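Here is the structure we will look at, set down as structure tokens.
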Amino acid sequence: MAPSASDPEHQDVERQQQSAQWALELGHSHTTLGQDMDNNDALDFGTKSDLDSQGLPRIQDADVEKAGMAPDSPPPTARIATALAADDPKNPRTWTTGKKIYVNFVLCIWVLSLTYASTAYVVSIRVIEGRFNISQEVAILGVTLMVLGFAAGPLLFGPSSEVYGRRPVYIVTGLCYSAFAFGTAFADSTASLLVCRFFMGFFGSSSINNVPASIGDFTNPLERGPYTILYALSAFGGPSLGPLCSSYIEANIGWRWNFRVMAMFCTIMSFLVALAPETHGPTILKARIKREGNAPPALTFSQVINVYKVAMKRPLLYLFTEPIVTLVSLYLSILYGILYGFFNGFTVVWIERRRFSSTSYGLTYISLGLGFLFGCFMLATVGVKVYNKAAVKAKAEGVPTPAESRLILAYFGAPAVPIALFLFAGTAPFPHIHWIVPCIAEFIFSAGMLMVFTAFIPYLIETYMATSASALAAGMASRATIGSIFPLFSVQAFHGLGISGATCLLGGVSVLLAPIPFVFKVYGPRIRAKSKYAAHV
């Protein structure tokens, strides 16, 4: 005889099934920058969406079984809601504009503290060589290992923020991030310095990976533009701000204080982020249900592990089986490597060849910062205007907005990067050419970089929608891995091949990759139509 619904044992089994279902829905409902499950975005999910008729992530039988539910087991008596209603006063999207601006500012400056620290270290490399009696290659590992930490962190902290909420992950990672930042400031050996730099990147990556998701939590598509611009500026402006500020700090009060300022910056922002409210709707809803005594039982350890397995497997699956993710990740990863390789070569250009002082060398990064600002201006004007125009046209025709409408900035940025590198190669090594010319090349380079990145990241989100977090995690992991490798050989390349030769090599690689945005413009719809996971057809 089948157990009755009133049987306590049956109810317990049912609640365990609800718990597993909740875990899966949280694990699948990656709320990312530009990703929405409501209202006007409904058209954007197409026929291949991973959402069910209720707008929630569709759960596959295989995933249900892995999380502890039998596929053919009786369904729960009532579906557990995993999203706050649009008019719910606890919904972060109903916050006042002032509150949204404050939370966005705190989160984005936290990102800035990480990207600042990634390159502020470069100024102190020569002093570190002498202090610890190590080679330049070993000293550069401080950059490599931190960027490598960017690759490992998102695979853990992305799923964690979906299961446990953004704020708990921010608090734990912020505490560890700050601790290892102070570890670098007081390190008394090469090993301790390098280990602390790696874990700074590992725990700090929680910011650069999860903050876009938080922005998506508390903004709707129409208002999101200004909030994302600050994030883009923080993510890309930090690498140019780092050497600019740290060159003055080191010149006046020493390399230890360069690292201490980094640590204080990281700690202050981590503290402010810990005070920020939760933004993840399902986590807020889960806390409410728990207070009302209706929450399912806590997940078992095996269920938690299986949720992580599902969440961590998909990025690798996308990276190696989805042509869009593969090509975009390859392109952005090599550009990211060129960025860090180019930065490391600046010391050869400005200090060794042009004999700039450390502080004057730091000032050359202003041109990079201005380029990033110009890229943000292009995003706020051209990028937004073109996408909104395409969205209005698509809505009138009753079809999804084509993801390729996000790529407009890449059509400018892709050719700008090699042009800038070749201009730098032809002018930077020659002291008789005014320094402003290679600085103009740096300006064009950084503007092009930002335009490419801010085009392709939304493109991935538009393409994969409900599972776009997996596509972004795949890109972030490959980007940081390749980006961490370039500093290991960039200085040697600038010495061995010469400034012109090394920069032309980077320019040549970027030329080979520059057609990728135009390939997607022509063939993108066809590739997406053949994809198993793309939301648009």
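Heads up, the Cβ atoms here are built off N, Cα and C, so glycines get one too.
TrEMBL does not curate its annotations; it predicts them automatically.
Feature list (source: TrEMBL):
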| type | residues | note |
| --- | --- | --- |
| DOMAIN | 103-526 | domain 'Major facilitator superfamily (MFS) profile' |
| REGION | 1-57 | region 'Disordered' |
| TRANSMEM | 101-123 | transmembrane segment |
| TRANSMEM | 138-157 | transmembrane segment |
| TRANSMEM | 169-187 | transmembrane segment |
| TRANSMEM | 257-276 | transmembrane segment |
| TRANSMEM | 316-343 | transmembrane segment |
| TRANSMEM | 363-387 | transmembrane segment |
| TRANSMEM | 408-427 | transmembrane segment |
| TRANSMEM | 433-457 | transmembrane segment |
| TRANSMEM | 497-520 | transmembrane segment |
Next on the checklist: Below 8 Å between Cβ atoms, which of the listed ranges 101-123, 257-276, 316-343, 363-387, 433-457 makes the most pairs with the transmembrane segment (169-187)?
Outcome noted: 257-276
Checklist entry - Under 8 Å, at least 3 Cβ pairs, sequence separation 6 or more: does that hold for the transmembrane segment (497-520) versus the transmembrane segment (257-276)? => result no
Checklist entry - Which of 101-123, 257-276, 433-457 has the most Cβ pairs closer than 8 Å to the transmembrane segment (408-427)? => result 433-457
Checklist outcome for this item: Given 101-123, 138-157, 363-387, 433-457, the one sharing the most C-beta pairs under 8 Å with the transmembrane segment (316-343) is 433-457
Checklist outcome for this item: Mean pLDDT across the domain 'Major facilitator superfamily (MFS) profile' (103-526) comes out at 89
Checklist entry - So what's near the transmembrane segment (433-457) in sequence-distant terms, Cβ-Cβ under 8 Å and 6+ beyond its ends? => result 33, 232, 236, 240, 328, 331-332, 335, 339, 342, 349, 354, 364, 366-372, 374-376, 378-379, 383, 406-410, 412-417, 419-421, 423-424, 427, 472, 475, 517
